[in-house]
Amino acid sequence: MRTTTLTGTALAAVLLLSAACGSGPRGGGDAEAAAADFPARPITLVVPYGAGGSTDTIARVLADHLERSLGQPVAVENVPGGVGAVGVQRVFNAEPDGHTLAMASGSILTVTPQTTELEYDPMEMTFVASTHESVAARFVSGESQWQTIEDLVAWGAQEGNELVDATSGGFGVNDIGTASLSEAVGGLNYRPLATDGGAEAVVRILAGDADMNQNSATAALPYVESGELRPLLIESPSWPELAELGVPTSQELYGYTIINPSAVLAPPDLPDEIRQVLEDAIRDALEDEEVAERMRGTFELVGFRSGADAQEYAQQAYDSYTPIIEAMGAGIGE
Amino acid sequence: MDALSSLVDGFAVALQPGNLLFALIGCVLGMVVGVLPGIGPIAGIAILLPLTFYLDPTGSIIMLAAIYYGAMYGGTITTVLLNVPGEGSSAITAIDGYKMAQQGRAASALGIAAIGSFVGGIAATVLLVLAAPPLAEVALDFGPPELFALLFLGLTLLVGLGSRSVWLSMLSGVLGLAFVVPGTDAVTGTPRLTFGSVELLDGLDFVPIIMGLFGLSEILYRAHQKRSDVGTTRSASAGVSRRDLKESAGAIARGSAIGSALGVVPGIGTTAPTLMSYALERRISRTPERFGRGAIQGVAGPETTNNAYVSSSMIPLFTLGIPASPTIAILLGAFLINGLTPGPALFTEEPELVWGVIASLFVGNLILLVLNLPLIRVWVLILKIPEPILFPLIMAFMVLGSYTVSRSIFDVWVLIAFGLLGYAAKLLDFPVVPIALTIILGPLLEKALRQSLQMSGGDADVFVRSPIATVLLVAAGLVLLSPLPRRLYRLFRRPDHHRPDDRQPTAPPS
């Protein structure tokens with residue numbers, strides 16, 4: 001009997017203790033105290049896409065480093081759905097204590113909130129930092145008749161011609177790119193061919209089913225090296241590998257640019273002390289040359305941005321897309 | 001003979017102790033991933049991707065590839081024993097595999113699946129060694145119009161599956177199509193019948209649907225049956241008999257051919273080829289009535305097909321750098337992270353790696369066979385667990401698996417809803433197999449059709465301009481019309497009788 005009681009008491013004590021630890025930072029309310037013992041428990045980094053993409057890979061590399069520097073496990077959790085909307089919503093609704101984060105990239109920050117009715121605004125979330133941005137360029141087949149962007153534009157502008165543009169399906173950044181190009185040159189004749197994304201778009205171009213497309217480095221760069229894809233126009237602010245090949249940018253030729261930022265997001269109203277701890281840890285991770293090298297394996301443009309910079313950059317992209325989305329009639333309520 | 005001497009060098013790489021170990025680890029992990037519903041080879045490979053930073057590229061790619069084909073077999077185990085398809089690629093196996101298990105032939109179903117997987121994997125790898133470059137060219141010719149025609153042919157083969165009435169089957173198939181309409185329109189990007197739900201933006205996930213329709217409904221039905229005290233045979237007999245082998249030989253050969261051929265077609269995925277194999281087996285069988293009642297060909301064909309598909313899908317990856325399926329796309333990522341660029345140059349730049357990985361496909365498929373034949377005896381012990389304990393366990397397993405798909409309780413509700421639907425269908429003797437099939441083929445078919453029409457600017461002649469598509473569509477027409485002469489004959493000779501009800505789920509062993 002005695003042992004049972006003892007065990008029982010010990011068990012109760014352990015339970016109480018663990019409950020106290022678990023609720024410490026959450027129920028405390030005192031942000032400074034919370035920041036002092038942050039992180040108090042394992043951190044979840046939500047990737048709002050299926051496993052295996054470049055954002056997912058970068059998140060896993062980052063988590064691997066954060067685990068060591070923060071001294072708590074960092075679990076990458078894939079919550080796909082709604083082109084990122086479902087996973088980011090999960091984090092939006094989580095406790096703002098720094099233990100639940102999202103690695104968001106591209107459309108969910110800059111396009112989806114403008115084209116799809118969401119129950120929340122991703123831009124209201126706490127921007128912790130940014131690890132990378134996606135680069136984009138316009139490609140044609142290596143065997144095509146168009147050697148330069150001017151060739152392509154001249155052909156596409158002619159009456160009776162129509163370019164087939166391999167898109168990523170739905171409405172995304174690449175649709176905005178083609179629309180911007182068309183507007184800048186005074187009208188292109190083109191029609192979309194919806195694909196599952198960058199990899200399939202490459203196949204459609206190689207097979208001759210599509211004429212052109214705007215693609216990311218992850219999907220396209222290997223084919224540039226083999227000569228099967230010909231890059232004609234860099235549409236993101238920069239893409240060093242293609243710039244070396246003498247590919248012009250859309251900014252210099254046509255005055256538009258496609259920004260595809262990423263951001264590590266936390267729920268709104270994350271105490272700034274905690275945000276700072278996380279931002280510093282992410283900066284340290286990216287200063288580790290080995291970590292940066294692995295992230296560059298995805299061919300994304302890897303580089304640290306502070307939370308404030310990341311938010312400003314995303315807002316800049318968001319605003320620059322608004323007139324095009326409205327002109328295309330793709331905005332909410334149209 | 002150049003390829004053969006390179007292959008010998010490849011074996012030297014694949015048989016190094018370290019690489020052998022990687023293949024073994026990959027096979028085991030793949031089986032685990034296959035057994036667990038909700039975690040497929042895609043997630044399995046992606047989660048292990050960071051590991052490749054610390055390993056040498058050849059070893060890691062050997063391991064990741066082994067996860068893929070290991071998962072194809074792992075999915076079979078729960079499908080046959082518990083009627084819980086862990087992967088889409090094993091779903092069709094549930095129809096006859098689970099029936100075989102109920103008839104006490106679980107060991108023989110698992111055995112033939114292991115043997116078929118081995119043969120299929122090896123056959124497709126031989127093809128990869130001998131004919132990769134010409135096949136890769138075919139892959140590029142196979143665009144959306146050809147894919148549409150192929151899927152359409154597949155659908156016609158499936159009509160009449162699992163039911164005494166063609167009309168009931170077609171009704172069920174159309175119902176299945178209705179379930180894949182909600183989601184985000186792939187072309188316009190607008191939400192379609194999502195009723196404002198964020199969860200529905202990506203449509204209904206296939207895994208909880210299939211687990212509900214097949215697994216949960218069966219448990220509900222069995223629980224209900226218990227009251228009327230219908231006993232079933234639950235002992236697990238010996239393994240594969242000579243007769244099993246003889247009966248399955250044709251199905252395994254055809255499965256190898258289908259899997260190898262469709263592996264080079266980009267965008268078809270792992271599941272659709274298994275459906276086509278099943279449909280073909282049923283069509284050409286002299287005893288089609290045995291399908292759905294434990295026909296071993298219904299296990300041997302699809303299970304051979306999915307492993308052949310995996311090896312064959314390496315062909316476009318190696319030769320063109322084109323990922324034929326989402327899983328292969330992640331494998332492509334593993335190449336890129338390690339600074340390797342798949343494509344024709346890879347054969348000359350990294351011959352050790354390419355041929356090492358190809359040789360490992362032979363070695364890994366053998367490992368899988370050697371590992372699994374003795375393990376079958378262990379697996380079938382699951383059937384010895386009393387039902388009052390086993391059924392709740394399976395249900396917990398299914399709920400967990402549905403939740404894992406996108407970590408959302410929504411998918412658990414989908415599982416329960418489709419479980420009830422499947423249960424009702426069983427009571428009413430309404431066929432559910434066509435629902436499952438059109439749920440898989442429907443989205444592929446829609447995408448191929450719309451892409452074809454986008455390519456042609458709306459002209460339907462895009463299907464006639466392609467010789468491959470035309471041939472496939474004519475074949476589909478012939479399949480659709482083939483029962484007509486016999487029906488007309490019967491109509492005029494004697495009044496049509498309904499065939500006796502052959503959907504007793506607990507038919508005694510024949």
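Note that Cβ sites are derived from N, Cα and C of the backbone, with glycine treated the same way.
Feature annotation from TrEMBL assigns transmembrane segment to B:20-49 (among others). Under 8 Å from some Cβ of the transmembrane segment (B:20-49) lie the Cβ atoms of residues 14, 55, 59-60, 62-78, 84-88, 90, 207, 211, 326-327, 330-331, 333-334, 337, 360, 363-364, 367-368, 371, 397-398, 400-405, all in the same chain and six or more residues away from its ends.
Summarising the annotation, TrEMBL assigns domain 'DUF112' to B:20-435.
Beyond the ends of the transmembrane segment (B:61-85), by six or more residues, the same chain brings 14, 19, 22-35, 37, 40-41, 44-45, 48-49, 52, 55, 91, 93-94, 97-98, 100-101, 106, 109-110, 113-114, 117, 121, 210-211, 214-215, 218, 270, 299, 303, 306-307, 309-311, 314, 327-328, 330-331, 334-335, 338, 353, 356-357, 360-361, 364-365, 367-368, 372, 379-380, 382-383, 394, 397-398, 401 to within a C-beta distance below 8 angstroms of the stretch. Under the heading transmembrane segment, TrEMBL lists B:61-85 (among others).
Here TrEMBL flags B:106-130 (among others) as transmembrane segment. Taking Cβ pairs closer than 8 Å, the transmembrane segment (B:106-130) reaches residues 3-4, 7, 69, 72-73, 76-77, 80-81, 93, 96-97, 100, 236-241, 244-245, 248, 251-252, 255-257, 259-260, 263, 296, 299-301, 303-312, 314-315, 318, 358, 361-362, 364-366, 368-369, 372-373, 376-377, 379-380, 383 in its own chain, all 6 or more past its ends.
With a threshold of 8 Å between CB atoms, the same-chain residues lying at least 6 positions outside the transmembrane segment (B:142-159) that come near it are 166, 169-170, 173, 264-268, 272, 275-276, 279-280, 283, 434, 437-438, 441, 444-445, 447-449, 451-452, 455, 462-463, 465-466, 468-473, 475-476, 479-480. Annotation comment: TrEMBL describes B:142-159 (among others) as transmembrane segment.
Here the transmembrane segment (B:166-183) has long-range neighbours at 155, 158-160, 191-194, 200-204, 209, 430-439, 442-443, 446, 483, meaning same-chain residues at least 6 beyond its ends whose C-beta is under 8 angstroms from one of its own. Taken from TrEMBL, the feature transmembrane segment covers B:166-183 (among others).
Positions annotated as transmembrane segment by TrEMBL: B:203-221 (among others).
If you look up TrEMBL, you'll see B:317-341 (among others) marked as transmembrane segment.
Positions annotated as transmembrane segment by TrEMBL: B:353-376 (among others).
Under the heading transmembrane segment, TrEMBL lists B:388-406 (among others). If you look at the transmembrane segment (B:388-406), the same-chain residues 6 or more away from its ends with a CB under 8 A from one of its CBs are 36-39, 82, 84, 86, 202, 205, 207-208, 211-212, 215-216, 219, 222-223, 382, 412, 414-415.
The transmembrane segment annotation in TrEMBL covers B:412-441 (among others).
Counting only same-chain residues 6+ beyond the ends of the transmembrane segment (B:462-484), those with a CB under 8 A from a CB of the stretch are 141-143, 145-146, 148-150, 152-153, 155-157, 159, 166, 283, 452-453, 455-456. Taken from TrEMBL, the feature transmembrane segment applies to B:462-484 (among others).
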Inset, instruction - Could you tell me what the rest of the chain brings near the transmembrane segment (B:412-441), counting residues at least six beyond its ends with Cβ under 8 Å? - result: 88, 91-92, 95, 151, 154-155, 158-159, 161-163, 168-170, 172-177, 179-180, 204-206, 208-221, 224, 271-272, 275, 292, 398-399, 402-403, 501, 503, 505
Legend entry - Spatial neighbours of the transmembrane segment (B:317-341) far in sequence, C-beta under 8 Å, 6+ residues away: 40-42, 45-46, 49, 52-53, 57, 60-61, 64-65, 68, 128, 132-133, 135-136, 139-140, 263-270, 347, 350, 353-354, 358
